[in-house]
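S.K.: Before I ask anything, here is the structure I am working with.
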Amino acid sequence: MSEKKINLLDLDRKAMRALFADMGEKPFRADQLMKWLYHFGVSDFEEMTNINKVLRQKLAARCEIVAPEISSFQKSTDGTIKFAINVGQGQEVETVYIPEDDRATLCVSSQVGCALECTFCSTGQQGFNRNLTVSEIVGQIWRVSHFLGFAKDTGERPITNVVMMGMGEPLLNLANVIPAMDIMLDDFGFSLSKRRVTLSTSGVVPALDKLGDALDVALAVSIHAPNDELRDILVPINKKYPLDEFLAGIRRYIAKSNANRGRVTVEYVMLDHINDSTDQAHELAKLMKDTPCKINLIPFNPYPGSPYGRSSNSRIDRFSKVLMEYGFTVIVRKTRGDDIDAACGQLAGDIRDRTKRLAKKRMQENQISVTMN
């Protein structure tokens with residue numbers, strides 16, 4: 001049986017140089033190849049004209065360049081584009097491109113589904129299937145960059161920012177998320193500033209400490225409740241890592257980080273008459289007083305079967321004013337792509353149903369296998 005080829009999109013620069021050293025090649029050759037991959041989107045070794053023919057043949061024999069394919073896409077009236085990305089075995093994840101006047105952000109997924117079961121999030125209701133590989137994470141950026149034309153002028157703004165805020169909890173897939181973000185930041189990779197790559201977490205505290213030791217990127221933290229009692233319901237991982245532990249971990253990360261400029265972004269979804277009273281705003285302000293942050297209020301984006309409603313503009317406004325009285329910078333997030341279910345908390349949609357059908361099929365296959373054995 002032939003040896004499985006190495007997918008070069010799975011390798012950060014350190015791993016790429018190690019591979020080239022194993023082939024008897026100098027490190028700069030690995031850097032050249034990465035530029036072809038990530039600066040120009042080239043996937044055919046024969047097109048890499050500054051790499052000699054013998055090395056191109058060695059690469060073709062041992063390696064491949066495989067990114068997940070775009071299955072379909074929908075474009076919102078506001079220019080937001082939601083992509084369904086095929087990651088094999090009947091599984092898909094969603095990736096969202098959000099253009100603005102001065103930048104274009106890509107919201108990237110880290111897992112198929114999510115194990116955290118946040119009660120206001122469509123992805124959380126999908127259940128967890130598996131972690132994405134490095135190539136499946138960076139492949140989302142690579143494929144969408146191809147869609148946008150890579151270095152060609154197609155009229156669409158090129159990707160300037162990446163947020164790990166798609167499907168999944170990134171800190172539960174650190175082994176693949178860290179090298180993927182390394183590629184995003186690398187000058188020979190996507191060459192993004194560390195302040196333009198953001199990881200969002202619901203509070204896996206030990207993994208947050210590991211991230212701080214390995215990498216410096218912007219951090220967004222999903223708080224969503226001003227106390228443990230309510231957060232236990234909205235964000236069940238709070239039962240394992242309550243707010244005091246999470247906030248201490250956030251402060252440790254801030255102390256190590258330059259990307260965050262001394263403060264993180266707090267994400268707080270606004271749920272009608274659940275977490276949006278002025279009393280709860282006072283409680284949130286007191287909770288966050290020792291953790292340097294700006295606060296991003298996110299109007300809830302309903303999805304089919306959701307038990308929650310979106311806070312009214314007046315309730316959001318009152319909540320925001322209380323926080324500002326305490327001196328916090330407060331931003332009310334503009335909802336983007338909600339007409340195509342691409343807004344915050346809506347990712348999953350039909351994919352959730354397909355994933356559940358796949359899980360059911362696997363269960364049936366396992367039952368058949370057990371019966372036969």
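Yeah, the Cβs are placed from backbone N, Cα and C, and that goes for glycine too.
Straight out of Swiss-Prot:
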- Glu94: active site, proton acceptor (ACT_SITE)
- 100-339: domain 'Radical SAM core' (DOMAIN)
- Cys107-Cys344: disulfide bond (DISULFID)
- Cys114, Cys118, Cys121: [4Fe-4S] cluster binding site (BINDING)
- Gly168, Glu169, Ser200, Ser222, Ile223, His224, Asn301: S-adenosyl-L-methionine binding site (BINDING)
- Cys344: active site, S-methylcysteine intermediate (ACT_SITE)
S.K.: Just checking the recorded positions Cys107, Cys121, Glu169, Ser200, Ser222, His224: which sit within 10 A of Glu94 (active site, proton acceptor), CA to CA?
M.R.: Cys107
S.K.: According to DSSP, does Asn301 (S-adenosyl-L-methionine binding site) sit in a helix, a strand, or coil?
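M.R.: In the DSSP reduction, Asn301 (S-adenosyl-L-methionine binding site) maps to coil.
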S.K.: What's the CA to CA span in angstrom from Glu169 (S-adenosyl-L-methionine binding site) over to Cys114 ([4Fe-4S] cluster binding site)?
M.R.: 6
S.K.: To the nearest whole angstrom, what is the C-alpha distance linking Ile223 (S-adenosyl-L-methionine binding site) and Cys121 ([4Fe-4S] cluster binding site)?
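M.R.: Their Cα atoms are separated by 13 Å.
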S.K.: Could you list the residues of the same chain, at least six apart in sequence, whose Cβ is under 8 A from the Cβ of Cys118 ([4Fe-4S] cluster binding site)?
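M.R.: Within the chain, Cys118 ([4Fe-4S] cluster binding site) has Cβ neighbours under 8 Å at Gly124, Ser202, Ser222, His224, Leu234, Val235, Pro236.
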S.K.: For Ser200 (S-adenosyl-L-methionine binding site), just give me the three-state DSSP call.
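M.R.: DSSP assigns Ser200 (S-adenosyl-L-methionine binding site) to strand.
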S.K.: Looking only at the domain 'Radical SAM core' (100-339), what is the mean pLDDT?
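M.R.: Mean model confidence (pLDDT) across the domain 'Radical SAM core' (100-339) is 95.
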S.K.: Just report the maximum Cα pair distance in Å for the recorded S-adenosyl-L-methionine binders Gly168, Glu169, Ser200, Ser222, Ile223, His224, Asn301, no decimals.
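M.R.: In whole numbers, the farthest two Cα atoms are 19 Å apart.
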S.K.: Would you mind checking how many other C-beta atoms are within 10 angstroms of the C-beta on Ser200 (S-adenosyl-L-methionine binding site)?
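M.R.: Ser200 (S-adenosyl-L-methionine binding site) is surrounded by 21 other Cβ atoms within 10 Å.
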S.K.: In angstrom units, rounded to an integer, how far apart are the Cα atoms of Cys107 (disulfide bond) and Asn301 (S-adenosyl-L-methionine binding site)?
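M.R.: Their Cα atoms are separated by 16 Å.
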